[in-house]
């Protein structure tokens with residue numbers, strides 16, 4: 001006497017050896033040029049299945065077959081005339097489609113396949129990791145600009161404001177958020193990620209990091225010829241044939257990465273000193289030496305908590321940056337309504353022309369200070385391995401950029417009636433009743449901003465190490481979910497030492513701004 005499970009297994013084995021027939025239905029149409037029929041690997045297939053087999057599956061699922069005799073039997077003659085029905089199967093994914101990541105929904109990066117709630121959390125964390133530097137630029141941008149080109153009239157303020165507004169629109173928004181962020185290497189950002197992406201599609205690498213199997217994959221083509229592809233192939237052939245262009249690309253990559261690392265040294269010094277320097281407005285007895293000592297203490301604390309990881313620190317400092325951006329926008333609206341709404345005319349770019357016409361050489365010097373308003377923009381791309389593209393874009397367009405624009409407009413409105421306060425434009429424009437709360441949150445934001453380029457430096461070092469351009473260092477992964485979130489102890493303390501040397505030797509924000 002066989003048990004129920006043994007009987008079912010025996011019958012299923014017999015059925016699979018005798019009666020299982022699956023016939024693929026021909027699908028697809030002939031191409032217009034007379035080619036053979038083609039089938040998209042992602043389309044569903046139609047197959048024939050015996051009706052009696054599907055009935056058996058239903059009975060097994062319902063528990064109706066309890067004995068061996070309850071299963072329907074078919075003679076060998078009946079098998080040939082068994083009734084069949086046409087069913088639709090799931091999509092068939094071809095291995096080449098997976099290889100080239102052209103399958104819709106294929107997981108390119110773990111961080112991209114997240115829910116909406118997780119994206120909101122990531123967007124909140126980006127405030128504390130990615131946008132700290134560009135968010136604290138209102139602390140010093142106008143002060144550095146007007147130290148090079150002193151204000152002689154309201155037209156100078158409008159011209160400088162117009163420069164700042166269009167710098168923010170052109171560089172962070174159009175260049176990085178709308179264009180460069182999409183040129184990532186499977187979720188990795190930064191200069192070396194771009195170089196690796198180019199080397200994967202063209203034989204331009206001078207680094208010994210190409211495997212023999214890459215040549216076979218490189219020779220495989222799936223794209224249909226088009227004018228865009230032809231132009232790309234011509235450019236690729238020109239790059240592959242020129243040794244000079246190969247060397248030039250590599251040198252540009254190394255130089256750009258070096259400047260990002262240098263930004264990891266200058267940014268903490270610039271942000272912290274500019275924030276602590278506000279004590280001179282609130283307390284008359286504060287000297288520059290006191291500002292330096294407080295800045296050194298803040299920097300040591302800052303680099304000491306770096307080891308706790310991006311996710312933990314990002315969640316802790318995210319609310320602080322959110323309050324900072326809200327304060328920046330609120331102060332801007334207050335100053336606009338109180339002083340002069342005519343600064344909105346700065347959205348007319350003709351004031352930039354008038355600014356350069358009046359100040360000539362001094363205007364070009366102040367242009368270096370204007371670029372400070374976009375400091376940290378490169379961190380949006382370099383820190384892309386920590387977050388998703390969508391989280392960075394949403395946070396910048398709907399929170400960071402509007403608050404920055406309002407902050408600069410408010411400072412300009414205040415300066416229209418207070419030309420003498422250009423040396424401390426931000427702290428002088430704060431309403432007296434809100435000075436100390438804003439001063440406190442500004443210092444917290446400056447400390448957070450210092451982490452922005454530090455994390456970007458970690459990402460660049462990891463990528464350069466992978467390509468053999470940097471010595472191997474100990475890399476600690478601070479997240480179990482996202483491989484891009486890392487911490488490099490040696491680089492962390494190296495950046496701290498260089499930052500402290502810079503703060504102690506060059507304590508003026510104007511000179512540090514020139515270095516930047």
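Cβ atoms are placed via backbone N, Cα and C, with glycine included.
Nobody curates TrEMBL annotations by hand; they come from automatic prediction.
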Between 160-183, 184-207, 208-231, I'd like to know which one TrEMBL lists as transmembrane segment. 160-183
Which is it, of 63-87, 88-112, 313-337, that TrEMBL names as transmembrane segment? 313-337
Between the ranges 290-306, 341-357, 460-476, TrEMBL assigns transmembrane segment to 290-306
Among 120-140, 160-183, 290-306, 363-382, 426-449, which stretch has the highest count of C-beta pairs below 8 Å with the transmembrane segment (248-270)? 363-382
Quick check for me: are there 3+ Cβ pairs below 8 Å between the transmembrane segment (290-306) and the transmembrane segment (490-510), leaving out pairs under 6 residues apart? yes
